[in-house]
Structure formats: C-alpha cells, structure tokens
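Below: one structure, written as structure tokens.
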Amino acid sequence: MLAQNSNQPLFMKSYIFTHFTRQTLHFTLFTSVSLELLLFIKMEHFYSDYKIGMLGGGQLGRMLLQAAVDYNLEIHVLDPDSDAPCKNWGTSFTTGSLTDFDTVYQFGKEMDLITIEIENVNVDALKKLQKEGTKVYPQPEIIEMIQDKRLQKEFYIKNNIPTAPFVRTETKEDILKHLDLLPAVHKLGKEGYDGKGVQLINTKNDIAKGFDKPGLLEKKIDFAKELSVIVARNKDGQISAFPTVEMVFHPTHNLVEFLFSPAEISEELHKKAEKIARGVINDIGLVGILAVEMFLTTEGEILVNEIAPRPHNSGHQTIQANYTSQYEQHLRAILNMPLGATTQHCPAAMVNLLGEPGYVGSAIFEGLEEALNIEGVYPHLYGKKITKPFRKMGHVTILDKSIEGLKKKSDEVKNLIKIIA
C-alpha cells in the first residue's frame, strides 16, 4: 500500500498511495517515522486525485504551473482565451468566462481547492463553492475587497496602515468638491490594471479627463522610489516575506519596465517595508501570496499604494534569484505547507519584454540570441503568439554580483530585445 524509492534520502522519497491506503491507514503507522514524515503523509493534496482549480490562464498562471510540476500537483485551468499562455500546461484547460457565475461555479464544483492568478473573477460563485466545502484561497471576501480600490483604501485607514489621503467619488464632477487634494490621481474603483483606470488630475482644467464611474481621488505623492514586498501566509498563520524590490515604470504607460532586487534603500527602510507588508497580510488574514506595492516618499515615508492577492510581476525574479520562488511559495501557502526560505542568492533584475509600438501581428523576438550571450541572463517567454504595443510578451531575469552590473546588463538586454511583427 505504501511504496517508497529506497535510493532517495528520507525526506526526498516519493510515496505512492492507493485509494485503500487513504481510507484505512488513517495515518496510524506502526513503524518509526519522524514527525515531519507524518505531517507529509497527512497532506491530502499530494494524492493523485486531489484537484486544484485555477481561475486565469495568463503568464502568472503559467509560471505557477511550472512550479506545480515539482510537487506533482493536478491543476485545472479556466480562462476566457482559448489560446491563453496556460493552454498546454495544466492537467486540463477549460475555455470560459471568469466573471460568469455559472461558468465559475460549474468549473469549481469539480475541484477540491480553487486559487486565482487574476482578481477579476466572480466572487459570488466562489462564496457558494466555499460554503459547499470547496477550499478557496485567497478567500472570496478578501478578493472582493481587493477588487475595489475604495474598499482597499478604507481597509488601510481602519487598520492604521500608512497610505495616501483620498476621498470616494461617484463621477468626475465630485472632483470639484475636493480641489484641495489636487494635484491628485483619479482611479476607477474596479477593473483598473496595468495603468488602465488611472488619470492624473493636476488642476481644475484636467477634471474632464476623470471617470464617470465610482472611484477615488487620491493625493498625488512625491515619491523617490516605488517599492514592492511580496509576502505569504499559510492557513496556520506562518508568514514569510521576500526582500523589498524597486520597480521602475515606463514613463507614459505605467507598466513596470525594470525591477531591481534588493531595492537600493537603507536597512532601516527594508525592515520598515517588510514590517508593513507583514502587517497587511496578517490584518487581512489572507491565505496565499500577497504583493504589497508601496511608495517611498521624498521625505522618507513608506505608504501603501495597492495590493494584489496573487503572484505578481514584482516577484518574477524569485524563480532564479531566491531559494523559493513566489510561485512555489503560493502553492505552499494555499496547501498549508511550511513556507520556504526567501533568501536571495545574489542581486537580481527583471526586464519586462513589451510589444514595440507600431507592431501588431505574429511576434518576432529580435535580438534574443544576442542577449543570451550575456552571462546571467534568463529569458521567460509567455507563449503569446500575437504582439501589440506594450503587450507583456515575456520577461528576462538577470543575475549579477552587483547592482551596478545588473543595471548595465539590464540596459543591454532592453536595447537588444525588440518584439516586433
């Protein structure tokens, strides 16, 4: 009933369970085994028929699936795009809407556990599934709160989490009532991402650029750097944080162009950023991974900008640079396994590969071979066949012994690789 490979060390052995084993063994072993091994055997999700469903089949999901292979996990994917990056990677792939109640519910009721790689999902279906016994991580009520930036901000205020001053708005005309906040940023409450749904309002003359949908008006912050801390929490309450990173955004499209890890900030600020991130995930009670984006102001304050309850592009570099990647950590967290070490091997950078302006069509990665001649360069292509301006087509992780070396290599890679059609 219990077979093991005797050529492997104790904790690297592979165990095969039959259905009979699951029903009768009940984890009462009459042999001398360690507590760690008992805990390992009790983890029902390693059984071959334990089904994990993932809502979203984009590049984040693709990298999550790559991490899942090492744990022999059965992951089924739902995505509206029949040619999504995850199409050929999961145990099964279903084409369907993530926001339609029936589609999400019918998909989810076949699963033992549901997770996400995108926030824009039908929360009501997830709540029903959870009520019926399906595990859902991150929890539906947390996803629901994070879907609305207004609720996010109110959560920060309620829990004394430092953030920029703001007010709710229902239409852009409401900005007229709060001219004292200008210059400010007008944000859609829901559905804004990757720079969409964000408009800078410098003066009264810019109000026409605002949104006629529920949103918030947030005081524009003079910041020195944009930071991110990825933090994970399992069901038992164990919390682990990755090193603080610095994100450098495209000047006009509000997309991350470069990332450097660790961020070039003082040790005191590193500790402060991590403490804030740990506080956020602890206060919210999330199970899974959470990206906490922050501003480091010109006055040395750290303010939380927004959070994402899933793997995040500020953690791509962890695949090569850290003992545990953010993707593996998410799996550990949602399966209530011990969280992995987040120590970084050496400084790392990430260069986002975005579609070049003026090109739409079958993607050509110009200059990729030349970039591969640079030591410490690791490309990750997302499998998207069609490029268009500023579409995320892949990223490159770069390792070097120094931040200076990283910056030099990052510029080289950015200048070499062009995604055209």
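Just so you know, glycine gets a Cβ as well, placed from its N, Cα and C.
Per TrEMBL, ATP is bound by K149, E218, K219, K220, I221, E226, N305, E306; the candidate from K177, K187, K272, K275 named for the same site is K187. Taking a C-beta cut-off of under 8 Å and a sequence gap of six or more, E218 (ATP binding site) has these contacts in its own chain: K153, A164, P165, F166, L181, A184, V185, H186, K187. Under 8 Å, Cβ to Cβ, and six or more positions away along its own chain, E226 (ATP binding site) finds E246, M247, V248, F249, E293, M294, F295, L296, N305. The DSSP secondary structure for E218 (ATP binding site) is strand. Every protein chain shown contributes to the tally, and the Cβ of E306 (ATP binding site) ends up with 16 other Cβ atoms within 10 Å. Look at the binding-site residues K149, K220 and count other Cβ atoms within 10 Å of each Cβ; K220 has the fewest.
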